[in-house]
Structure formats: structure tokens, C-alpha cells
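Below is one structure, written out as C-alpha cells; comments come after it.
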Protein chains: 2
Amino acid sequence: MSDYKAPVRDMRFVMDEIVGLAEIASLPGYEEATPDMADAILEEAARFTGEVLAPLNRIGDTQGCKLGPDGVITPDGWKQAYKAFCDGGWNGLASPVEFGGQGLPETFGIAIKEMAASANLSFSLGPMLTGGAVAALLTCASDELKAIYLEKMITGEWTGTMNLTEPQAGSDLALLRSRAEPQADGSYRVFGQKIFITYGDHDMTDNIVHLVLARLPDAPAGVKGISLFLVPKFLVNADGSPGERNDAHCVSIEHKLGIHASPTCVMAFGDHGGAVGYLLGEANRGLEYMFIMMNEARLGVGLQGIAVGERSYQQALGYARERKQGRDAVTGEALVTLEHHPDIRRMLMLMKSRIEACRAITYYTAGLLDRAHAGTDPEQKKRDLFLAEFLIPIVKGGGTEMGIDVTSLGIQIHGGMGFIEETGAAQHWRDSRITTIYEGTTGIQANDLIFRKLMRDQGATAKVVFAEVYATAKALADSGKPELQAIGQRLNAALKAWREVSEWLAANTKNAVSGVLTAAVPYLNIAVAVCGGWMMGKAALAAVARLDQGEGDPRFYRNKIATTRFYADQMLPQAEAWAQTVMARDLAIKDIGNDLFD
Amino acid sequence: MSDYKAPVRDMRFVMDEIVGLAEIASLPGYEEATPDMADAILEEAARFTGEVLAPLNRIGDTQGCKLGPDGVITPDGWKQAYKAFCDGGWNGLASPVEFGGQGLPETFGIAIKEMAASANLSFSLGPMLTGGAVAALLTCASDELKAIYLEKMITGEWTGTMNLTEPQAGSDLALLRSRAEPQADGSYRVFGQKIFITYGDHDMTDNIVHLVLARLPDAPAGVKGISLFLVPKFLVNADGSPGERNDAHCVSIEHKLGIHASPTCVMAFGDHGGAVGYLLGEANRGLEYMFIMMNEARLGVGLQGIAVGERSYQQALGYARERKQGRDAVTGEALVTLEHHPDIRRMLMLMKSRIEACRAITYYTAGLLDRAHAGTDPEQKKRDLFLAEFLIPIVKGGGTEMGIDVTSLGIQIHGGMGFIEETGAAQHWRDSRITTIYEGTTGIQANDLIFRKLMRDQGATAKVVFAEVYATAKALADSGKPELQAIGQRLNAALKAWREVSEWLAANTKNAVSGVLTAAVPYLNIAVAVCGGWMMGKAALAAVARLDQGEGDPRFYRNKIATTRFYADQMLPQAEAWAQTVMARDLAIKDIGNDLFD
């Protein structure tokens with residue numbers, strides 16, 4: 001069993017030194033986001049997540065959810081924790097003040113979300129999905145629908161869901177079959193079955209707001225004929241209270257590898273005459289609206305990899321500091337704790353450095369979204385948005401793949417005890433395994449990075465990133481400090497590899513599309529490694545500056561520099577290897593058809 | 001749910017073209033190991049494992065084992081399957097004829113073991129542990145003990161266990177506390193608790209033979225004071241039948257992440273007056289005897305990574321050939337099966353090529369053990385044994401880490417369905433997770449490779465391996481065929497990296513031990529990648545030769561060449577990256593103490 005203590009110091013360091021919290025707090029609307037406010041909120045969130053959510057994590061894993069005659073039953077303690085979560089105002093932290101939110105920047109929101117997901121990933125998925133639905137309503141709901149639903153969802157009184165997948169339509173949403181029939185009163189009747197619906201039903205709130213992708217009768221085929229509907233579990237009375245039960249039901253829940261306490265529902269819409277639904281925005285633009293939410297959702301899922309990784313790291317570190325086994329290889333001291341052993345230290349440092357690198361990329365991206373939202377210069381806002389969108393597949397793909405690797409190391413550090421479920425280390429690994437799949441697989445992130453984010457502006461945004469990474473590498477080289485120069489050299493070599501393969505891809509996407517697609521995930525791996533190095537490079541530069549100024553805890557800054565160098569030594573050389581793989585594309589297999597595997 | 005069809009064709013290819021079955025069949029005692037015999041045995045084993053063991057795999061996962069008042073109860077079908085396994089003669093395939101085995105070379109045995117572990121890893125662990133115990137008895141038991149126990153264990157009438165770990169003594173066996181008191185009749189009374197004892201109890205046989213590490217009263221401290229004892233569950237009557245119940249009891253079983261149907265027992269010896277035991281071999285040499293078995297056990301666990309990987313690959317391939325989703329990126333054809341998508345093909349090829357590379361290393365090592373056992377030239381036998389021992393940590397570390405990676409890809413290919421337990425893809429990943437831990441963690445394999453296998457003869461065996469790899473790379477380069485030359489170039493570059501870091505390590509093990517230990521696993525990764533490339537290079541050369549001769553199925557050989565090139569493009573560049581990491585050693589963290597993680 002493990003405790004969770006939010007890494008507030010590292011979060012604040014990233015917010016202050018890499019994201020630029022002070023600058024974001026100077027943007028219109030974010031004036032409350034002061035350093036003092038950050039201290040207060042992060043400390044309180046750390047207390048709440050550590051004391052209330054974290055102890056439920058293992059209970060959730062062992063009990064899971066059950067489907068009773070009246071719907072899904074969440075594990076013991078879930079209802080109370082959810083109420084406390086909403087009462088604390090955590091649900092609407094970064095939502096607009098006009099609908100009951102607190103209007104704080106996402107730079108704050110992201111840290112709170114990390115804490116919640118670290119403490120209890122299954123729990124955190126409910127608020128995360130609600131947040132996605134809120135974003136969709138803010139984007140495309142009519143004022144009338146906003147007035148009925150938004151405040152209740154932002155306070156958490158009601159939760160939200162996203163209904164995309166159908167049995168025949170997973171990654172390929174063109175295959176959606178759910179349909180919506182217009183009614184005389186302007187509403188619709190929705191029919192269809194949706195699968196993998198997170199928190200599609202539960203017993204924590206008295207209503208649930210489903211957002212459902214479906215086709216209108218006259219809709220074109222494919223992805224351009226999909227509309228978005230709001231389908232509440234209970235129709236809403238004129239006074240805002242839940243009324244008649246709608247024809248939207250959870251008919252079964254899945255038995256999953258992980259996140260047992262997050263109900264994954266098969267939802268039947270319209271099996272008893274039709275589910276009442278309301279069109280959101282314009283007809284046939286549903287997928288577009290979903291993609292607006294998708295960026296936020298993907299940032300959130302990338303964060304989950306970091307969050308579960310952090311939890312696993314804390315538990316592994318705790319074990320390594322407690323468990324005595326073996327002799328110190330250097331001093332010869334008998335029976336030392338595991339953390340003395342170089343290979344255990346290697347694994348702990350690999351966990352720590354990869355988590356910190358991904359945290360920095362993710363928070364930096366959240367900061368860009370804040371700047372894009374509240375900035376004052378339209379050109380700069382556009383640039384920040386493009387930069388954020390460029391980084392999002394890197395955050396999602398990189399954070400989640402890292403999460404699986406790191407939680408596996410968390411098991412390994414425990415030795416045989418790691419394989420015993422009661423230890424709790426295995427749960428993190430099982431929980432993390434969904435993150436590279438939902439909200440778009442790693443392959444889909446890689447394609448998004450290349451075909452949308454890299455190509456849409458002919459590499460202009462990529463060039464901005466390259467220039468920024470180069471500036472960091474140059475600052476490291478110019479620092480006059482050997483340890484920073486060593487980092488700068490590795491970063492520069494990795495950046496060179498990334499640039500080269502980006503140019504290679506640009507020249508080949510048209511005439512060698514299969515080869516580029518084969519190379520997409522290795523390309524994503526390069527981007528993740530380099531962006532991690534870039535962020536850690538910024539961190540090391542900031543740490544050196546603080547040390548030079550004699551400010552703060554020198555041990556923290558010294559460790560940050562060491563962690564950066566460790567990351568550079570372990571992760572950055574791989575960028576060059578993956579570059580070779582990218583440029584090998586599919587030459588090995590391209591002339592062989594589907595009998596390749598015979 | 002997945003079927004399992006043993007990859008007999010690839011197994012035979014490896015046996016014939018890489019291991020040299022014909023040569024092994026010419027060694028004294030192995031005359032029966034003809035190609036015809038191989039055909040017959042492999043086909044029959046494929047049938048048995050596919051029809052009898054494979055269907056029980058998921059049942060075992062969902063039911064698991066239970067501890068009843070009379071001991072451990074195995075899942076439905078286990079007893080019958082075990083009886084059929086023994087009746088078929090599979091248990092003693094490679095054991096000596098004089099004790100009821102079939103005396104076939106391990107080159108055969110390894111293929112049968114792979115099939116059993118693919119079909120049902122949990123089931124296969126029982127016979128594997130028995131095999132380890134048999135090897136120990138052959139090494140160090142008195143003729144009297146051999147006469148009582150060996151034949152029954154080789155036929156499978158009784159099973160065997162290995163009792164090493166204690167709560168305070170995992171990787172560090174110096175901490176063992178179990179003790180043995182000599183009795184007037186020459187027997188001993190054994191006392192102590194052992195944990196993580198695989199098949200420590202079960203209901204499939206009427207006796208179980210425990211091999212137990214314990215200390216004699218006058219034994220020196222540490223690893224030099226450990227002796228090995230045979231402790232039967234039931235004492236054996238003069239007529240060989242099981243008699244009085246011995247004081248060796250399973251007191252609880254673990255609730256584990258995977259291999260649910262393999263009972264992992266806490267064993268209490270001597271809680272009711274002392275368990276009757278018999279000293280095996282000489283006093284205080286127990287660990288030495290265990291290490292003799294350990295090589296075989298590690299080879300077997302490396303094989304498990306391959307076996308579970310193969311099962312996962314077959315299931316993922318089946319799904320990719322069935323599930324339709326998305327448009328073909330090259331032809332534009334709508335709604336194609338997953339195997340058309342380049343990223344799915346990348347993942348399938350990565351699975352296939354890494355499995356085949358590890359299979360070839362493992363079988364090659366088994367062949368070396370056969371040559372070392374039955375060869376006629378003492379010098380060559382010694383060289384073959386050293387070579388096998390050098391390769392064993394590479395097989396163990398490489399096969400098991402590969403197994404985890406590959407079964408994770410197996411989930412990924414299934415998308416959301418991979419996360420649903422009923423699909424069965426997740427079980428392979430969960431089952432594989434123990435393999436990098438038991439029989440020595442990956443870190444321990446890496447240390448074994450460097451400090452024992454690389455250093456014990458001042459790198460002489462490593463130089464033999466380097467020369468062999470070089471010869472393969474040169475043959476590829478000299479082939480005149482561009483696809484082979486491309487493989488040869490990558491192999492040569494990776495070999496160069498391996499050589500350089502080996503020399504670097506040799507120069508630094510004494511004065512920078514902490515750095516070398518930090519670099520050990522990255523070093524192991526290099527060895528695995530290069531040895532995989534070496535074996536696949538041999539495979540590609542053989543395939544080209546067969547194609548040139550117009551023999552066999554050209555599709556199989558063409559695919560083998562493509563698979564080799566794919567492996568070379570994806571895996572071999574990483575050797576150069578890890579070489580950079582090795583030589584960075586622990587410079588980032590070496591001056592920081594245990595506050596590194598604060």
C-alpha cells in the first residue's frame with residue numbers, strides 16, 4: 001500500500017521557471033493566479049488528494065464497479081469523495097466564472113489534475129470526462145442549453161460523458177451508425193449503441209449529461225455526416241431539477257485490465273422508443289467539435305501517464321529506502337537499503353527524470369493554451385495555439401508510453417513483491433496500460449504529429465520549436481559549466497537528428513506514404529526525447545541560476561541538474577538511433593504484401 | 001480467446017539452419033535425434049499443446065489456484081492435462097534414459113518447452129521446476145537418493161520444487177536463515193519459512209520433492225554456509241510408495257498479477273517438529289549446486305518471454321486479419337483489415353522479428369549445451385560450455401524484457417479490446433511480467449554477464465562471440481545482395497559499439513565499479529540487440545542459400561530475409577545509443593549521495 005504526497009515543489013518549479021507563471025498571471029482575467037494563490041491551492045490540493053483520494057485507490061481496484069438493477073454502483077467511499085471533491089471547488093477550477101467556475105489558468109488546473117490522477121486515476125476520470133463535455137458545451141451549445149447544463153457540470157453536481165466509439169467504429173469514426181431523428185419540437189430521438197463509455201453510468205450524481213455522436217437522416221456518409229447531441233440521463237424540469245428518465249441506459253460494464261473503479265459502459269440509446277437529445281452547434285460538424293475537446297482530452301491523458309508514473313515512483317522509492325538487501329558495491333557495507341545499489345538508482349533516476357521531463361512538456365503546453373486563450377497580441381496567440389497543438393501529440397504519446405515504462409520499472413524495483421497484487425505496484429502498471437489506447441492510440445498521435453501538426457503549415461511551427469530547442473542547447477553550451485555543456489552537446493545532437501528526419505519526412509510524405517506511416521511512431525519517439533531534453537535543459541539552466549543567486553534549497557537545484565544530465569545520457573542518444581529507423585522507413589517490407597506474416 | 005498453433009516451421013528452420021541439428025544428431029548418444037524424429041516429435045507436441053494445454057490457459061487465469069484444508073487445488077482440467085502430459089512422455093524428453101527419460105538433446109527439449117509455455121505458461125512452470133530439481137539430483141544426489149526419486153520425477157509421477165527465497169532473503173541469498181539439524185540416522189530436520197515457491201503444493205501428483213537451501217549448525221555465515229536438502233512432502237516407503245506426511249506445508253498462496261494458475265506458495269518447514277530432509281552432495285556447497293541448475297532455469301525463463309510473446313503475436317495477428325477499420329493509406333481502399341495499416345504492420349513485424357531473434361539465440365544456446373554435454377573434443381566442449389554460459393544472461397535478460405515489450409504491443413494492436421480481460425491479450429502481458437524478476441532480475445543478469453561471463457576469462461569468450469558476429473556480418477557484406485549488405489552494415493556498426501563498450505568496461509570495472517554497475521543493463525541491451533542481429537543474419541544467409549537452391553517454400557525464406565532486415569533497421573541502431581549511455585556511466589549522479597531523490 002502506498003501513500004501519495006503531491007510533488008508540489010517540482011510542480012511549482014516547473015510553473016515558475018519553465019511555464020512562466022508570473023507572466024501568465026499578468027494576462028487579463030488571470031490576475032488572481034499569483035504565486036501566493038498557487039501556494040495555497042497546491043498545498044490544499046496536495047492535502048485533499050493525499051488524504052481523501054489516494055487511500056481509495058486500492059479499494060477501487062479490488063472492489064471495482066458493479067452493475068445493479070438501478071445502474072452502476074461505485075466502490076465504497078466513492079460518493080463521499082466525489083462530494084468532497086466538488087465541495088472543495090476542484091471540479092471547476094479552470095472553468096469560466098460566469099458558469100460557476102473559478103476562472104483560474106490551466107497552468108493551475110493541470111497541476112491539480114495531475115494530483116487527482118496520481119492519487120486515484122479511476123476517480124479522476126469522471127471529472128476529466130465532465131471537463132471535456134464542459135469544453136464542448138462552451139464551444140457549441142446554444143445559450144439555452146448552456147443555461148440549463150453548464151453550471152451544474154462545472155460545480156460537479158452533474159457529470160458528463162463522451163460517446164464516440166461503437167462496436168464497428170473505434171479509431172475509424174467514419175463507420176459510426178448511431179442516428180438521430182428530428183422531432184417536431186426541435187429536439188431529436190437518438191438511437192444506437194456506444195461502447196467504452198467512461199462513467200457512462202454511476203451513483204455519484206442525480207444526473208449525467210451524455211454527449212453523443214450520431215447521424216441525421218440526410219447526413220452525408222463518412223466523417224462529414226456526424227453531428228453532436230446532448231442526451232441527459234434524466235430530462236430536466238423547468239426548475240432545473242432532474243425529471244423523467246431518458247432512454248439512455250448502461251446495459252453492461254467491462255471487466256478490464258486496470259482502472260477497475262472507473263465504470264466502462266456499453267450504452268444503449270433509444271432501445272425503448274428513442275432517447276431525447278438536443279443538437280449541439282450545427283449539423284454535421286460533430287467531429288469538428290469533438291476534435292476541439294480532443295486536444296484538451298489528449299493533454300489530460302498524457303498527464304495521466306505522468307501522474308501514474310509519479311505514484312509508482314513514490315512507491316518504488318519508498319520501498320527502495322526501506323528494504324535491505326545486499327552489500328554496497330563501493331563501500332562494501334553489508335545489508336544496505338536497495339537505493340544504495342547502482343542498478344536500483346539507475347531505475348529510480350530513469351523514472352524520476354522521464355517523469356519530470358514529461359511533466360515539464362505538459363505544463364508548458366498548458367501554459368501555451370492559457371497564453372493562447374488570454375493573450376493580448378493576436379499573432380502571438382495564434383503562434384502559441386499552434387505551438388500547443390504541435391506539442392499535444394508529443395505530450396499524449398510521450399507521457400503515456402513513458403507511464404507504462406516507468407510503472408514497469410516500479411514493479412521491477414520491488415522484485416518479487418512487485419508481482420504480488422497486495423503490494424500495489426502492479427495496479428499502477430495495469431492502470432497505465434489504457435492510456436496509450438484511449439483518446440487516440442500512440443500510432444494516431446504519431447500520425448497527427450506528422451500529417452497535421454508538422455505538415456499543415458509546411459513545418460513553420462516545427463521550425464519555431466527547433467529554434468527554441470537550439471536556443472536552449474546554445475545557452476547550455478555557453479554556460480561555461482561542464483555539466484551543462486555535456487547536456488547541451490547531447491541535446492544538440494538529438495535536435496540535429498530530429499531536424500534531419502523532419503526534412504526527410506517533408507520530402508517523402510507524398511511519394512512514400514506507407515514508409516512515412518511506418519516511421520511515424522519512431523519519429524514521435526524522437527520528438528518526445530528531444531522535447532523532454534529541451535524542457536529539462538531549461539530546468540537545469542534555471543537551477544544553475546538559482547544556485548548562483550544563492551536562492552532556495554541548493555539540494556533541490558543540484559538534483560535537478562543531475563536529473564537533467566541523467567536524462568540526457570540515457571534518453572537523448574536514442575533520438576539518433578530512432579532517426580536511423582525513421583529513414584529506413586518500410587524498405588524491409590514494402591514489396592511484400594499481406595503474406596508477410598505467413 | 002486465442003488458439004495456439006506452434007510455429008513448427010520456424011522452430012525447425014532454427015534447429016536445422018542455425019543450431020545445426022544434423023551435427024548434434026551425430027554426437028554420441030543423440031543418434032535418435034534425426035530430422036524425421038524432429039518432424040514427428042514437433043508435430044505431436046504441436047498437437048498436444050494446441051489441443052490440450054492452450055484451451056486451459058484462460059481457465060487457469062480466471063479460476064486461479066485455491067488453498068483448501070488439504071492443500072492447493074489447481075483449476076479445472078489441470079490434473080487431467082498433467083496426466084496426459086506425463087503419459088505422452090513430454091516430461092522426460094531430454095532426461096537420461098537410465099532414469100526413465102528419453103535422452104533426446106536439449107535442442108529438441110527447448111522447442112517442446114517453448115510450445116508448452118506458449119500454450120499455457122502457468123501449467124508449464126510445474127514441469128520446468130521439476131526439470132530443475134532433476135538436474136540438481138543428477139549433479140549431486142547420492143545413488144541411493146537417485147534411485148528413490150529420479151525416475152518418478154522424470155516420468156512426472158512426482159514433481160519437484162526449488163526453495164531458495166525467504167522473506168528477508170530475495171536476491172541476496174547470503175541472508176538465508178533456514179536451518180537443518182543433523183539426526184542420528186544421517187537424515188536432518190529442516191526448519192524455516194520459504195516464500196515464492198512455485199508449485200510448492202498442488203493436487204496433481206501424490207508426492208512433491210522439495211529442494212531446500214538451509215544452514216547446518218556449524219555453517220559459516222554468508223553464501224558459503226548454505227547446504228542443499230531434499231525434503232519430500234511424503235516420506236517414501238521401502239517399496240517406493242509415498243508414506244508418512246512430512247512436516248512441509250503450504251501455509252498460504254499469493255494473489256498475483258499474472259500466472260494465476262501457477263500456485264506461488266509460502267512454505268513452512270518444520271513448524272511441527274521438523275521436516276525430514278536429506279543432504280544433497282557436500283555440506284556448504286548448496287549454492288554452487290543451485291547455480292548449476294540456475295543456468296538451465298535461466299535459459300528456461302528466457303524462453304518463457306519468447307513463448308508468451310509468440311502466443312501474443314499469434315493472437316494479435318489473428319485480430320489484425322479479422323478486424324476491419326480505416327482506409328488503406330496507399331491504395332485508398334475503404335474498410336480494410338488492420339494488417340493493411342503501416343503502423344500495425346510495424347508493430348506485428350517488431351513482435352515477429354524480436355521473437356524470432358530471441359528464439360534463435362535461445363535454441364542456439366541449447367545446442368551449445370548439447371555439444372558441451374555430448375561432444376567428443378574436450379577443448380571444444382569447454383569452449384561450447386563457456387559460450388553457452390556467456391549467452392545465458394543474454395537469453396534470460398533479453399528474452400524476458402522482449403516478452404514484456406512484445407505482449408504490450410499485442411495489447412496495443414487490439415486497441416480498446418486489448419484492455420478488456422475477456423479478449424485474453426492482457427493475460428499474456430500480465431503473465432510475462434514475472435519473467436524479468438524470477439530466477440534473477442534483469443539487473444542480476446546484467447551483472448552476471450559483465451562480472452562473471454565477460455570478466456572471468458579476461459574477455460576470451462566475448463572475443464569468440466565478437467569473431468563469430470563479425471564473420472556473419474562479413475558474409476552478409478560479401479553476399480553481393482543489397483538487402484543482405486544493408487543488414488551486414490547495421491550488424492557491423494552495432495558490433496563495433498559492443499566491442500568498444502566491452503573494452504571500456506574491462507578497463508573500468510576496478511576503478512569505477514559504481515559506474516559499471518549503472519551501465520550494466522544498457523550493456524546487456526547492446527549484447528541482446530547484437531546477438532539477435534547475429535542470429536538473424538545467419539538466418540537471412542541460410543534463407544538466401546535456400547532460395548538460390550530453389551528449395552522449400554520461397555515465401556517463408558523471403559519473409560525471413562525481410563524480417564531480418566526489419567530487425568536490423570529497428571533494433572540494431574539502438575546498440576549505438578546504448579553504447580553512449582554505457583560510457584556515460586554514472587557521471588550524472590556519482591557525487592550525490594542518497595539525497596539524490598529528495
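Each Cβ is built from the backbone N, Cα and C atoms, and glycine gets one as well.
Per TrEMBL, these features apply:
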DOMAIN    A:39-157  domain 'Acyl-CoA dehydrogenase/oxidase N-terminal'
DOMAIN    A:162-269  domain 'Acyl-CoA oxidase/dehydrogenase middle'
DOMAIN    A:284-449  domain 'Acyl-CoA dehydrogenase/oxidase C-terminal'
DOMAIN    A:466-589  domain 'Acetyl-CoA dehydrogenase-like C-terminal'
The domain 'Acyl-CoA dehydrogenase/oxidase N-terminal' (A:39-157) - residue tally per DSSP class, helix then strand then coil: 83 helix, 6 strand, 30 coil
Using DSSP, how many residues in the domain 'Acyl-CoA oxidase/dehydrogenase middle' (A:162-269) fall into helix, strand and coil? 7 helix, 53 strand, 48 coil
Predicted model, mean pLDDT over the domain 'Acyl-CoA dehydrogenase/oxidase N-terminal' (A:39-157): 97
How many helix, strand and coil residues does the domain 'Acetyl-CoA dehydrogenase-like C-terminal' (A:466-589) contain under DSSP? 105 helix, 0 strand, 19 coil
